[in-house]
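Annotated in Swiss-Prot:
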type   : residues : note
DOMAIN : 16-85    : domain 'KH type-2'
Amino acid sequence: MIERTFVKENVKRLLIDEYFKKELSKAGYSHCDIRKTPIGTKIIIYAEKPGFVIGRRGSRIRELTETLAKEFGVEKPQIDVKPVENPDLDAQVVAQKVAQSLERGLHFRRVGHTAVRRVMNAGAKGVIVIISGKLTGERARTEKFMAGYMKHCGEPAEELVDKGRAIAKTKPGVIGVTVKIMRPDVLLPDEIIIKEDAEVKHVVEEEQ
């Protein structure tokens, strides 16, 4: 029973996250934290443009709150909005920006190179931007744009790589966008940090 409830709650969280991705894409939605409290459910939305989430005189917040309660069965939802510290290092925000640029008709190569450059300039250790679909002509294909260092498999790839996905609806068809970012503060298991001000001891052992 407990396991079933746990799975149900996780599915609900995923559905809410997908709903926010769709409804708040223009606000630069990143992710949300959902926490149960004694007085209800606190939902913290992280977005590049908090004002777009709040809406005029809080109108958007009220709409979101009502939807969460009625359609998702969230008990007494209380929404708080916080800004994303560095949008260019947030994979979901970057993915949405790439998708929006493609929808405006910008060439996919220009969009891909620009996104990679902005992420690396923000200090990332590595980035991959994957654009898939009917980019030119009738045949679908996948284009990858990358720079820096990236973990592709194993536990580090799951835990240390920030991932974001978005969809661009263009005239030729739907284009999928995937972004993976290794942030500058990520410490890899095999990485050693040497402090610049650390004193290096030099020991010489004399032979007898």
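The backbone N, Cα and C atoms fix where each Cβ goes, glycine too.
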**Report entry** Overall pLDDT for the domain 'KH type-2' (16-85), taken as the rounded mean
**Finding:** 93
Report summary line: DSSP puts the residues of the domain 'KH type-2' (16-85) at 31 helix, 24 strand, 15 coil
